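For reference, the structure is listed below as structure tokens.
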Amino acid sequence: MASIVLKRTNQKMPVVGFGLWKVTKSTCADTVYAAIKSGYRLFDGAGDYGNEKEAGEGVRRALSEGIVKREELFITSKLWNTFHAKEHVNKIAKKQLDLWGLDHFDLFLIHFPIALQYVDPSHRYPPEWWGDDGKTVTLANVPMQETWTCMEELVDQGVAKNIGISNCSGSIICDIFRYARIEPQVLQVEIHPYLTQEPLLKFAKTLGIAVTAYSSFGPQSYLELGMDKGVTALFEHDAITSAASKVGKTTAQVLLRWAIQRGMAVIPKSNSPDRLVQNLQSEDFELSEDDMKAISALNINLRLNDPAEIDPRMAIFA
Ligand SMILES: NC(=O)c1ccc[n+]([C@@H]2O[C@H](COP(=O)([O-])OP(=O)(O)OC[C@H]3O[C@@H](n4cnc5c(N)ncnc54)[C@H](OP(=O)(O)O)[C@@H]3O)[C@@H](O)[C@H]2O)c1
């Protein structure tokens, strides 16, 4: 499978991975196991997704049956916002590793550049955005430098081979590069034809940071949350259906290929065994330059995952 070579470690990050957000807990182990059997090697998890234990079960089943070796897999997880303070980063990363049943992550990301008040995992896990009332967001005064230093220590301790950031924009990335002893190797952000993010991509390229696009299908993932903002489904857009008919692929495969052809990795999520296989087959064809341009022209800077909509004090993309 095609991959992106990460700086510092030269580790290969597969260009197509499997996203674990909203993968149903009760079927997650079977889904991950089936995904490995189908050829997936990268799994994109997070403490916040609440299914790390189940994802780990799927991984361990495949390992114990000899379907893959641990070194052939690339397991990503993320640090949630309530664990940014120096006394919490290492402890929670190790708890997450225990949930997966693994001894290291291949990549560990800061999920959002937002620090929230600590919630003890024995009280509530995953803690999500709000307090016990399910309504109040309580920020914490933890500077990014404190959290990044702890991320670097995770590398020193062998907890994570590679470290990176997610949902970060230019100015916070500039700041991290001022003090980083170990530079972020990966930036994971929302990118799809309604939010093409050219300047951010260019900036990441300049810095040598690999980019992973999330929510490649745009509003599709947000429909079930009532957060799709009423826009036309990308799957039905003329520019995409027309490109799909030219290459004899599905619209989902075209959306993934568009991102890959722009130099990014993708991590589509699917609870369906058929769609999961289909999504993996997005590398063996080329979109024409004209179709690439027509798809990119759909950009309307539409961001579907914006914490400012939960609380205006979290306007990280303002
Ligand atoms: N860092 C972050 O803050 C962040 C935020 C969001 C997402 N992510 C990561 O990125 C991953 C992917 O993003 P996402 O989950 O938002 O959305 P996505 O992969 O763009 O879309 C998932 C949606 O598309 C459907 N789908 C999947 N394959 C399809 C196909 N071939 N044809 C038609 N429909 C298809 C899925 O339904 P079915 O399941 O029914 O197939 C689901 O409704 C996440 O799982 C997560 O790992 C990270």
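Even glycines carry a Cβ here, placed using N, Cα and C.
The domain 'NADP-dependent oxidoreductase' feature in TrEMBL is assigned to 17-299. TrEMBL lists Tyr49 with the feature active site, proton donor. The annotation site 'Lowers pKa of active site Tyr' is assigned in TrEMBL to Lys78. Per TrEMBL, substrate binding site is recorded for His111.
Here the Cβ of the residue listed as 'substrate binding site' has 21 other Cβ atoms within 10 Å, regardless of which shown protein chain they belong to.
Secondary structure at Tyr49 (active site, proton donor), taken from DSSP and collapsed to helix, strand or coil, is helix. Classification of His111 (substrate binding site) by DSSP places it in coil, neither helical nor stranded.
Per-residue confidence over the domain 'NADP-dependent oxidoreductase' (17-299) averages 98 (mean pLDDT, predicted model).
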